[in-house]
Structure formats: C-alpha cells, structure tokens
Amino acid sequence: MAGAIIENMSTKKLCIVGGILLVFQVIAFLVGGLIAPSPTTAVSYTSMKCIDVRKNHHKTKWLVPWGANYCEKLKDFDEAMSRQIEANDIVFAVHVPHPGKEMSPWFQFMLFIMQLDIAFKMDNDLRENAEITLDVSLAYRDNELDEWEEIAHAVEIRKLKCTFGSPKTLESEGRHYDCDFLPFMEIGSVAHKYYLINIRLPVNERKGINVGIGEIKDIRLVGIHQNGGFTKVWFAMKTFLTPSILIIMVWYWRRIMLMTRAPVLLEKVIFALGISMTFINIPVEWFSIGFDWTWMLLFGDIRQGIFYAMLLSFWIIFCGEHMMDQNERNRLSGYWKQVGPIAVGSFCLFVFDMCERGVQLKNPFYSIWTTEVGTELAMAFIIVAGICLCLYFLFLCFMVFQVFRNISGKRSSLPAMSKARRLHYEGLIFRFKFLMLITLACAAMTVIFFIVSQVTEGHWKWGDITIQLNSAFFTGIYGMWNLYVFALMFLYAPSHKNYGDEQLNSDLGANSGEELQLTTTITHVDGPTKVYKLSRKEAQE
C-alpha cells in the first residue's frame, strides 16, 4: 500500500506545482513568439569606391560614401585604369547604417561578414590558397556635423576560398568566382549613432601583398545586429526572473540553515546552481544602454559557461546521491572522475573564447580562424572540450544505469523493510524518476526547438497571427531552465515540519541492525526534503 501511496503522492500538491510551472513555461514561449520580433536583423551594404591620393590617408582623413563632404567616387576599376589611379589610392567606404537611419544601443552588438565579388581574368587569375590583406579602419560619430573618431585600425589577412564553375578560357572572362563569406568584424556594443568603415587593399608586388587575388569588382558587407524590440523583451524577462530565483534561493537556503545538521553536498550543489542561474539573470545589460561596454558578449559567454558547468555537475552528483549503496559520497572529491572532464572542458572553451572575443575587445577585426596557427589552436581546444563532453556523458549514462539497477534490486527488498525505511527508499525512487523525467523533457525541448528554429523560415503564419519561432526559442528555453532550477530548490528544500518523527526514530532504532542503510543523506531524519515530506504526510493520512 505504501508503494501505491508514493506513486500517487503527486496527484495533489506536486500536480498543482507542476501545473503552475507549466503555465509559466507556456507564457515564456508565447512572450517570444507573439510579442518579441525576430532576435536579429541582417542588413546588406555595398561599399563605395573612393579616391584618396594623399599620403598617410587613414591618419588624416576619413572617406565618407555619402552625405556632407562625401568622397570622390569611382564607378568601376576600368575608370580607375583610364584615369591612371593606382590600387593603393582606392578606398572602399561603408557607412552604417543606410541614409536616413540611426544605430541604437538597443541593438547590443554588431557582427559583419564580408563577401568579395571577384571576376575571372586570364592575366590576373586567382591563385590557389590566395590570401587577401585588408587595411581596415572603424570610426564613429553621434552627430552628422561632428568629426569622425577612430575606434580601431588594423591590418588583417583573410584566406580566400573560391570556386569557378566554368572553364578558365577567354570566353569566361568577366564571370565571377563563387567565394565563401569571410569574417570581418564584431563589436559588443552599439553605443553610437553612425559608424564608418574604410577598407584598403594595399598592393606590394615585391612582398607579394595582394598579388594573385583576382580582379576584385566590389566588396559587400552583411551587418547583423540584435533587434531593439527583442532586446526590450529580453531585458524585461531578465528583470522579472531575477527576483523570482533570488527569492526561492533565499527561502531554500534558509530552510537548510534551520536544520541542526550541516548542509550536505547535494543541497550545496543545488544552491550553487541557483547562484549560477541568478548570475545569468541579473540584468546588467541595462547599463549597456548608457555605457559603451564592449565586453558584454564575452561576459555573457562566461556566465553561460558557469551555469552549464554547474548544471552538468549537478546531474552527476544527483545520480551519485541516489545510488543507494554503502559508499560515502557527501564530498565533492568523491566525484573527481566525473567532474574532472567538466572542469577541463570548461577551461578549454574559456581559453578559446578569450582568444577570440577577448582579443576582439582591442581589435574588433580579429578572428582566430584566419591563420593556420589560430585555426589549429581553436580546433585543439574544441576537440579537447568535445572529448571531455563525451567522457562526461559516458560517466553519466553509467551512473544512471547503476541507479536503475540498484532501484530494481531495492524493490525486491522493500516488503521486508520497516515502514520508515520502506518509505525512505520509495521516496528516493520516486524523486529520482520524477527529476529524470523533467530533465529529459527539458533537454528534449531544447534540442527540438533549436532544430525547428534552424530548419524553418523563422516564423509561422497562423491566420492573422505571426509567431516568431526564433524568439520563442530564446525566451522559452531561457524561461524553461529558470523554472527547472526553481523546481529543484522547491522540491529539494528540507522541511521545517516533522510528521511522525517519534515513530520514525523508533522504527529506525528498532531496525538499526538491518543490512540496508540510509546512505542518501539528503533525506535525513532531521530534515526531509519537500518531496519526501509530502510522501510521508500522505502515507500517514
């Protein structure tokens, strides 16, 4: 009868809690799908070819493609040849944004990729494994009458990966190569209204700079930035969720402090998981609206890395604490084999991110993938992190298998146990299966929504209603993991009430000689968890 009571104990209170969390989950998806616009916007820019015949051009003057004091332009390179203008005197200028528009701090970041229009010519063919050298400068201003202020200047090299679908004959001259997009620039804030990009292709035949790169007709840029409307919805969610997780976290730790025993490992890990979730939630992004904080992208990556490391560690320790065997696991050192790969993998990804976005804080044109050494280093970090992740999942699957094997063994021994001990083990079995089901559901939803957002056009049309799938993915999954952490702290908080402790202590004392022991410390007599408390209360009723 006790087993039936344990299996049905969630029909009231747990179902109510689950229903409330499900409602909030649906709201989180609807907020992104119905209220927020798409997360990002891509804008295409075609550079203007400006003439600059002065020396040390980039140190004295910026060339603007349109507006007041716009530059002298070239229609094409045939005009440059007819006017005997050298390649070193041609500047590709791009003004961001387009005429009549302004950038906004609500855009949060700007990512630019480059596409080169390269024509085939018999006497100027594109060499295999050719590299293009870019002399690039970035400037800003907040008023159309202000002078341009430099943000960054760099000389970068990019590898050209192009294919030509026709035979390289005279008849094919003028046709364009099919070239891959090149990483160009990324900045972590949009604190100014106007930006100006000047690109030069310096030619030095003696040093082999920009030789054998074909006949470049145009340089096109695609700028990607976060939508202001999505940013406002995202900030609002963070502002709402921060106090929600903080309150449950304070409540959870206060319950633990009321116990006469010290906190056990699983309780500490759940609390650390709540801290890492709060670290993600705290809406420090509000300050990026008024301050030029270019490090926000790197800071966001670090916050997410800490949370995922804590989440993976929690799953390992949760399984270990439900082994129901004789081993002592109330120490983090007991999990060094399983937690070690998490630490190594997280460190590798952190170093990779510092090598990419850390350097971009000083040079927004930098990309670790543009050199052979950088590519090999980045791949090494990613491969090591991937190996660590595979090892982690092998350990996790093995531990889950052990838990289920032990559960099967304990079930056959349940009828011979005392009432208190039987309730204890049935509570362990129930909550393990309950949390495993929730965890698998969260992981499945994350994967499913990610795949759907990648293979669809980004939105669904349902009559007059447009559902933004990508926005729903971000807000829904973000809200889901917040609810997951919230549910953990609610269900695993020690109870401050004692239901039948005298009888329970008597049963434990009378059966202290039994072979099976209460090795899972989280359901200690001095402080049963919320799940265990509910099971005991229903059993006595």
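Using N, Cα and C of the backbone, Cβ positions are placed for all residues, glycine too.
Heads up, TrEMBL stuff is auto-annotated, nobody curated it.
Looking at the domain 'Wntless GOLD' (48-226) alone, the prediction's average pLDDT is 88. The domain 'Wntless GOLD' annotation in TrEMBL covers 48-226.
Under the heading domain 'Wntless-like transmembrane', TrEMBL lists 227-496.
The transmembrane segment feature in TrEMBL is assigned to 233-253 (among others). Panel annotation: around the transmembrane segment (233-253), residues 28, 31-32, 35-36, 270-271, 274-275, 277-278, 281-283, 285-286, 471, 474-475, 478-479, 482, 485-486, 489-490, 492-493 of the same chain, lying at least six beyond its termini, place a Cβ under 8 Å from a Cβ of the stretch.
The annotation transmembrane segment is assigned in TrEMBL to 265-284 (among others). Tertiary neighbourhood of the transmembrane segment (265-284): same-chain residues 235, 238-239, 241-242, 245-246, 248-249, 252-253, 256, 296, 299, 303-304, 306-307, 309-311, 313-314, 317-318, 321, 329-332, 481-482, 485, 488-489, 492, 494, 521-522, selected by CB-CB distance under 8 Å and a gap of 6+ residues from either end.
The transmembrane segment annotation in TrEMBL covers 296-318 (among others).
Under the heading transmembrane segment, TrEMBL lists 339-359 (among others).
Outside the transmembrane segment (379-407), and at least 6 residues removed from its termini, the chain residues within Cβ reach (under 8 Å) are 312, 315-316, 319-320, 322-325, 337-338, 341-342, 344-346, 348-349, 351-352, 355, 429, 432, 436. According to TrEMBL, the feature transmembrane segment maps to 379-407 (among others).
The transmembrane segment annotation in TrEMBL covers 428-452 (among others).
With a threshold of 8 Å between CB atoms, the same-chain residues lying at least 6 positions outside the transmembrane segment (472-493) that come near it are 14, 17, 21, 24-25, 27-33, 36, 39, 230, 233-234, 237, 241, 244-245, 248-249, 251-252, 255-256, 266-267, 270-271, 273-274, 277, 281, 307, 311, 314, 431, 435, 438-439, 442, 445-446, 449-450, 452-453, 522, 529-531. According to TrEMBL, the transmembrane segment annotation covers 472-493 (among others).
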